[in-house]
Amino acid sequence: MTRLKNDTLLRALLRQPTEYTPVWLMRQAGRYLSEYNQTRARAGNFLALCKNPDFATEVTMQPLARFPLDAAILFSDILTIPDAMGLGLYFAEGEGPRFERPLREEWEIRALTVPDPAVHLRYVMDAVSQIRKTLDNRVPLIGFSGSPFTLACYMVEGAGGTDFRQIKTMLYRRPDLLHHILDINAQAVTAYLNAQIESGAQAVMIFDTWGGALSHAAYQQFSLRYMTQVLAGLRRYQGAERIPSIVFTKGGGLWLESIADSGCDAVGLDWTVNIGDARRRVGHKVALQGNLDPAVLFAEPGVIAAEVEQILASFGEGSGHIFNLGHGISQFTPPENALTLVEAVHSLSRRFHRADAEGNNSFGS
């Protein structure tokens, strides 16, 4: 296999020496870019954008044409799996994703089956293959999925941004039904991510967007348990290439030790966590990704650079840090501020990697 021209991200995920801190942005292909909006208009709607490999490739590549990012991430949606299960995904204008047939009845839940990614999600695999070819080994491609619990939230509630009344009622009244959904979802996520890896993804990420809405005990039982199941089933190698995995629970700072023990290679942090404290807690086990408040990108360039330096200094010297936002980039972000961020990370981080550059890595892999 041809070597990557820039494998800094993969080395950082495995806590191997790097010359600088790599950076990519959650939702880096998105509405803050005018070219994305133009492509979306040509596609007709968001789902058509996701389901057409040509469009998905085009928008995946757009931020890399603007910014010297260290990774591409597959352009898709976290709800492709429940859509493939037949729940009828659609997007209401101004309201986000919705399902025509949310899971409310026991017979519907018992009838759930694991979709075959090669059949029901072929368009995603075609996009992964096409993006890899288009990247031409420039930077690695990250594949992703929603976590079993986050998918279940949408599947039961029928929409996002709710008070979680439906799924929490099920959790406490009929935990057996929720466990059934989560087990099916975990099998589906495992198959989906493995298919992405086989199609060319060089790292994978699990987005646990709603895990932070749970109590401590419920998080362990209904979210982390099933992400651990997924991680245990993932391909760790594709040929001779190691495939790192990232887990991100928004609001999961209280559970870093548990997440670090799940089998992932890196833990994503939201902006409420001090990354230096996080490193002291789990940095001997996993790499850390994050964790700038996305709202910082509304500030002046000097403020952005200062906030970047604060996070870099908090993490400290050595490898094992992937710079990112603490959540997805806002659609209102000025693109030039994203460039300021990326350039600041690259320039300011080098002094924290001098020992790495000299071949000395105290943290190992």
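Note that Cβ sites are derived from N, Cα and C of the backbone, with glycine treated the same way.
Lifted from Swiss-Prot, the feature list:
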type	residues	note
BINDING	ARG27, GLN28, ALA29, GLY30, ARG31, ASP77, TYR154, THR209, HIS327	substrate binding site
SITE	ASP77	site 'Transition state stabilizer'
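Feature map: annotations from Swiss-Prot on the structure.
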| residue | record | DSSP (3 states) |
| --- | --- | --- |
| ARG27 | substrate binding site | coil |
| ASP77 | site 'Transition state stabilizer' | coil |
| TYR154 | substrate binding site | helix |
| HIS327 | substrate binding site | coil |
Worksheet item: Looking at Cβ-Cβ distances, which residues of the chain lie under 8 angstroms from HIS327 (substrate binding site) while being 6 or more apart from it?
Response: MET26, LYS250, ASP270, TRP271, PRO294
Worksheet entry | Residues near ASP77 (site 'Transition state stabilizer') in space but at least six apart in sequence (CB under 8 A) | PHE46, LEU47, CYS50, LEU89, PRO97
Fill in: Candidates ARG27, ARG31: member of the binding-site residues with the richest Cβ shell (10 Å)
ARG27
